Structure formats: structure tokens, C-alpha cells
Amino acid sequence: MGLPDGSDQGTHQTQALLSAAQEMELQRRDYHVERPLLNQEQLEDLGHWGPAAKTHQWRTWFRCSRARAHSLLLQHVPVLGWLPRYPVREWLLGDLLSGLSVAIMQLPQGLAYALLAGLPPMFGLYSSFYPVFIYFLFGTSRHISVGTFAVMSVMVGSVTESLTADKAFVQGLNATADDARVQVAYTLSFLVGLFQVGLGLVHFGFVVTYLSEPLVRSYTTAASVQVLVSQLKYVFGIKLSSHSGPLSVIYTVLEVCAQLPETVPGTVVTAIVAGVALVLVKLLNEKLHRRLPLPIPGELLTLIGATGISYGVKLNDRFKVDVVGNITTGLIPPVAPKTELFATLVGNAFAIAVVGFAIAISLGKIFALRHGYRVDSNQELVALGLSNLIGGFFQCFPVSCSMSRSLVQESTGGNTQVAGAVSSLFILLIIVKLGELFRDLPKAVLAAVIIVNLKGMMKQFSDICSLWKANRVDLLIWLVTFVATILLNLDIGLAVSIVFSLLLVVVRMQLPHYSVLGQVPDTDIYRDVAEYSGAKEVPGVKVFRSSATLYFANAELYSDSLKEKCGVDVDRLITQKKKRIKKQEMKLKRMKKAKKSQKQDASSKISSVSVNVNTNLEDVKSNDVEGSEAKVHQGEELQDVVSSNQEDAKAPTMTSLKSLGLPQPGFHSLILDLSTLSFVDTVCIKSLKNIFRDFREIEVEVYIAACYSPVVAQLEAGHFFDESITKQHVFASVHDAVTFALSHRKSVPKSPVLATKL
């Protein structure tokens, strides 16, 4: 037995030594790359670059064929694709149990959220039936539970309360206040569905990407606070005035505080008992969720128990506890939306449409990622829109999906929207036969159901701490969205938060991180010298990079930051150079003027000398020596004038910084790393051309590196390249540009071998 143990120990030691040797080998492993130095022209030739072939997608869209029609049908009615292939044995039992569990939650939430929307409870059941069945036909998510949702209900409630508070508005509809609220709600649902279907058909599902996660979470948190405030009147049993618009939450809280002496004790006790019972059941479900096949239906049991106690004890008569009252049974015929309300509701409808879709698609993507399938955002928009659009004809109010019900649908074995269809059929049974049994249900119990279900959204206050550590800008978005939604109401708050979020995007694009790059030793990698102490600037070469793309909003800032990082006051140096050149030119002009005057004097002297042909021989002879001396002297003066003119013509213009007595930059080449550019506009092109011009004025050659082909094509289309700036100034990488700048300063680009040791 000892021998095998020793051999095993030796084997383990050998394996450990081998793994250590392999690790050291990996750490020492180098590779050697040898390739030509490539500028853009050479790269295009080597890679056979050419514009991508244009695909006429519109031809495919408008092509008529049986296959195309079948594909469109399956795309827009997904149930026809997956239902024929539904694995009954594997999934049906789970979907049935899941649908029953969701329906048990859907019933109390539908009744409660109808009150939240300012409507009779029965309309909450309608909104839990029609839209759910429509989504079963057109939706692509297998797990989300469509129906009433607190945030949507409070948004609808704010609209119904604000409009019906005006007596003239109610009289204009020729209806009671309750009927007017119903008309506003189902007309609003029709408009919301119209917006969602229209946006989905034109593939505007990407719009929701502009609603960041901090914005959506903050908005739903603020909405949950408004939900909580709106339920205080049912908890305390007090009558409140209708407040709408900015600061309505503040006014409501102040009025609740003023009305506290009129609290109905029986209502408060009922709400507290129901709330405690719901919390205990939820805690029990969380603790025993692994042992229980289905969660305990705490909400349904609470509603049944509260209804029985209220009926037996006569809470309404003896303790003045408000109850739901008469609930009509049976389905109601469809009605047309009130077209005269369209202009009044269009703004609120668009806000509700965006929020509802944002919540639905975010939950849908979470479950799709968890279970490995794909959710089509555009089809989801159409499906949710049809749910609201058709629901509007059957007097439903706008719906979305609920996180709590969706989690129950997933955790209880739901695999497809068959679970949703089962839950809608169960709700149909309640509507047709059992709805009237809940007429003695206390409204305080429904308020307790709503408040307890806000637990998940109230937990989102913890985002403040996590965002403080992770990203202060996202925290700012969260806080601004929350405050704006609380103070300005849901519709204006959403608009303010979206505008603020987009404004922050613009500001962050205008304030990118600018850096000077240095080479990491023995590599072709270049990093920010301020962050990497081992990265060293290449002598004579300055490499500059921005963390954001360059466009009209930050082009000037890019140019200013470049000059600042280079440590050279380019504008001042150019101004001084121009002044020195102008001064030199003025000096040359003065010299030319002086020489010109000398020339004129000499010419006058030459022209004054003449020979009189009539002089006698004796005069000529006597003046021969004298005349020859004068001619020699005059010839010398003429030669001086000619030579001075030639010197003026050949005098060089001294324009270099050194000859002008100006300081020279500490580098001879500037490389712009444009790897972060995703597009360019005309302002960007003009800014880059100005950079080339200005730095060449101070004797610094400029190169571009790591520019993607689409951006190069845009530069070419914008007439960036000309005789002075060619594609030979654009290089495949920063290292190519650095190598060229060091070895080919102010020369025609060639193709030396670039050897890089890594």
C-alpha cells in the first residue's frame, strides 16, 4: 500500500511542476509579426477594398409569394407557429397549474387596480380577460403575465380624476362622474393601443432603448409612491378632494394629514389586519417555496376571508367600512371610443404607451435570456398594442405586464402563453358567474393588496446606494426622474426625465476623455501615459486620442484639447509667425525701395554722359583719358545696380520658425488615433482639415491612424482628401503611423518592413 501512495505523491509533484513550467512558458511566450507598413492606400490594395454591394431590402418586403405570405403570417401571429408544435405531454400540466396560480393573483389585483384607476372594480376584471387572451395570440414572450399593473393604473387614474373633476367636462359627455371615468379610460386604452400598434408596424421598437434602466426603475419607484398616496383614503376611510397636475401628491398628503381626525377606526383595523395577513403569507411562501408545489394564494384567501367576515359582521352597516358594492355579472357589448376625447387624451396616451411597452419588453427580455429564446421587440409592441386597442372596445383600461404575476407564472411551471389563456378563462368564469359574490369586499382590503404588492418596487430605493458606488451620472438620472415624477405628476415627469437623460448623453459626448498615448515597451500597444506609468511617449511623435466620436457638438472642444495636450500654443505661434513674416516682408520692401532709388540715381548719371560728335580731334584727344575714366566709373555703378536687382530677385523668404527666431515644438509629427470614430459630419471634416493646416504651419506633420473603412469612405465623400492630404497620411494602426513618422519624416511613403516583438 505504501508504494502506490508514494507513486501518487510523485505523480502529483510531477503534474505540479509541469503546470508551473507551462505557466512560466505562457508568461514568456512571444510572437513575432513581420508585415509591410501599411497606409490606407496600401491597405485597400492589399485587402481588395470596395464598397459593399447594395441590398435592395425593399424588393424583398414587397415581393408577393406563398412563402412570403406564410412568413408574414407567422411573424405577426406567432401562435400559429408554436401552437401546432406544442408538446402537450411535457408542458400542458405545468401551463395549467401556472395559469390557475396567475388567475388567483389576477382576480384580487384586477379588482384593486380598477379602484386605483378610479373605476368600478368590475372593469379591472374585464382588463384581466380581454387583453390577456389577445396577447396569447400575438405575443412572443412565453412567460410575462399581461394584465392590470399598478403603474399603468395610477397613470390612468391621474387622467380620469383630472378630467372628471371638471363638471363642465362631465356634463359635456352627458354622463355621471363614474360613467365619464369609464369613457375616458376605454378611450385612452384605444389610443394607447393605436400608438403601440403604429410604432410596432414601422419597427419603432428601438425607441424604448432611450429609456435607460435607472430611468425606468426610478419612474416606477416614483409611481409606486403615488400609488401608495392614492390608497391612503381607503386605508383611513376619509373623503379627499380630487387633485391633479403638478404637486398633486404633495396636496394629497397635506389633505390626508388634515383629515386624519375623521379617520374611520374600523377601516384602519381592516386594512392593517389584511396587510399583516398578506405579508405573513408572502414571507411563508418565500421560506417554503422549495417545499410547496404551488405558492399559497394569500391574496385570494384574504379576499375570500374578508368578504365572508364583512358579510357576516356587517362591516359596512355597523362600522362604516366602505365596500365594493354591486358588481354586474356577465360580459358587456363592445362600444366605440369617444372620438371627441382624442385631442384631450393624445399626450397622456403616448406617455402611457411608452411606459407600458418599456416595462413589458424589459421583463420579456429578462425571461427570454433566462430560458434561451428570442423576443421580437417590434412584435411585442404590436401584441401589446392590439391588447389595448381591442380591449378599448370592451371598456378595458390600458394594461401592461406585472412582475409579480410573471414571476409566479414562471416559477409554477409555465412554459408558454397557454398559461395566460388558462388564467383569462378563469377570469371569464368569475365575470360570468362569481363576480357578484365580492360585493361585500371592503375597499380597505383592496388597498392593502395594492400596498403590499408595492414591496418589489419600493425595494428599488436601494438603487441609490448601488448607483452611488457604481455610476454617479446614472444616480443623477435616477434622482431627477424620481423628483420630477413626484412633483410634476406622471406624464410631465416622464417627459422631463427623458429630456434630461438625452441631454446628459449629449453633455457626456461633449466631455469625453482626451489622452496622449505612449508605447508600452516591446509592444505595438499604445496606452494613456497618465494611466500607464510604463507607457512612454515616442520622442518627436505625439499620439492623441479621444474616447468619443467626433461630430459637430464636440469638434471645437476636440481641437482645443488637442492643442492643450500637445503643450503648444498653436494659435499664438501661428500669429507670431505671421507677424514676423510680415515684418520681414516690410523690411525687404524698404530695402528694395532704397536700392530702387540708388538705381534711379545711377541711371540718371549714366544718361547725363554723352559724347558730342562735333568736337574736334584735339578735344577728343585731350579728353580721352578723362573720358575713359568716367566710363569706367559709370560702368561700375551700372554693374552695382544690376547685381543689386539680381540679389533682390534671388533673395529667399525666411519663413521657418528657427529662422524667424520662434520656439519650435518638441515634436515633429502628430498622430490622431481615430479608432473611436463611428461617423463623421461636415463640421468634423472641416475641423480635421484645420488641424492639418494649423500644425503644418508650425512645421508638424499630421497623420491619421486606425480609422475604420466606413469612416474613411465618409471622409472621402466629404472631400477631405486633396493634393495636400491624401490617403498616404492615413495608416492602418497607430504603430504603423509612428514607425512611418520616425523613419520618413517629410518624405514620400514607402513600404518598409515593420517588425514588432510582442
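Heads up, the Cβ atoms here are built off N, Cα and C, so glycines get one too.
Small disclaimer: the values here were computed from a predicted structure and weren't measured.
Database features (Swiss-Prot):
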TOPO_DOM  1-117  topological domain 'Cytoplasmic'
TRANSMEM  118-138  transmembrane segment
TOPO_DOM  139-187  topological domain 'Extracellular'
CARBOHYD  Asn174  N-linked glycosylation site
TRANSMEM  188-208  transmembrane segment
TOPO_DOM  209-263  topological domain 'Cytoplasmic'
TRANSMEM  264-284  transmembrane segment
TOPO_DOM  285-292  topological domain 'Extracellular'
TRANSMEM  293-313  transmembrane segment
TOPO_DOM  314-340  topological domain 'Cytoplasmic'
TRANSMEM  341-361  transmembrane segment
TOPO_DOM  362-380  topological domain 'Extracellular'
TRANSMEM  381-401  transmembrane segment
TOPO_DOM  402-417  topological domain 'Cytoplasmic'
TRANSMEM  418-438  transmembrane segment
TOPO_DOM  439-485  topological domain 'Extracellular'
TRANSMEM  486-506  transmembrane segment
TOPO_DOM  507-758  topological domain 'Cytoplasmic'
DOMAIN    531-741  domain 'STAS'
REGION    585-608  region 'Disordered'
MOD_RES   Ser751  phosphoserine
Please report the number of other Cβ atoms within 10 Å of the Cβ of the residue listed as 'N-linked glycosylation site'.
8
Cβ under 8 Å to the transmembrane segment (293-313), counting only same-chain residues 6 or more beyond its ends: which ones?
97, 101, 104-105, 107-109, 111, 270, 274, 277-278, 280-282, 284-285, 319, 321, 323, 408, 411-412, 437-438, 440-442, 445, 448-449
What else in the chain is close to the transmembrane segment (264-284), if you only count residues 6 or more beyond its ends and a Cβ gap under 8 Å?
234-238, 296, 298-299, 301-302, 305-306, 315, 318-322, 442, 444-445, 447-449, 451-452, 455
So how many of the residues in the topological domain 'Cytoplasmic' (209-263) end up helix, strand or coil by DSSP?
40 helix, 0 strand, 15 coil
Flag the pair the transmembrane segment (418-438) / the transmembrane segment (341-361) as in contact if three or more Cβ pairs fall under 8 Å (sequence separation 6 or more).
no
Take the C-beta pairs under 8 A between the transmembrane segment (341-361) and each of 118-138, 188-208, 381-401, 486-506. Which stretch has the highest count?
188-208
What same-chain residues lie close to the transmembrane segment (118-138): Cβ under 8 Å, and 6 or more beyond its ends?
76-79, 106-107, 109-112, 145-148, 156-157, 160-161, 164, 178, 181-182, 185, 324, 327-328, 332, 379, 382-384, 386-388, 390-391, 394-397, 399, 417-418, 420-421, 423-424, 427-428, 430-431, 435, 438, 441, 446
Quick test of the contact rule: Cβ under 8 Å, at least six residues beyond the ends. What residues does that give for the transmembrane segment (381-401)?
76, 114, 117, 119, 123, 126-127, 130-132, 134-135, 137-140, 144-149, 151-153, 155-156, 182, 185-201, 204-205, 331-332, 334-337, 352-353, 355-357, 359-361, 363-364
Six or more residues out from either end of the topological domain 'Extracellular' (362-380), which same-chain residues have a Cβ under 8 Å from its Cβ atoms?
75-76, 78, 138-144, 200-201, 203-206, 208, 213, 216, 401, 403, 406, 410
Using Cβ atoms and a strict cutoff of less than 8 Å, what residues sit near the topological domain 'Cytoplasmic' (402-417) while being 6 or more residues removed from its termini?
79, 82, 86, 91, 93-95, 97-99, 101-102, 105-106, 109, 135-136, 139, 141-145, 147-150, 289, 294-295, 363, 367, 453, 456
Same chain, outside the topological domain 'Cytoplasmic' (314-340) by at least 6, Cβ under 8 Å from its Cβ: which residues?
111, 120-122, 126, 173, 183-184, 186-187, 190-191, 234, 237, 264-267, 270, 392-395, 431-433, 435-436, 438-444, 446
For the topological domain 'Extracellular' (285-292), find every same-chain residue at least 6 residues outside the stretch whose CB is under 8 Å from a CB in it, and list them.
298, 411
Using DSSP, break the topological domain 'Extracellular' (439-485) down into helix, strand and coil residues and give each count.
40 helix, 1 strand, 6 coil
Counting by DSSP, what is the helix, strand and coil composition of the topological domain 'Extracellular' (139-187)?
32 helix, 3 strand, 14 coil
Mean pLDDT, the topological domain 'Cytoplasmic' (314-340)?
89
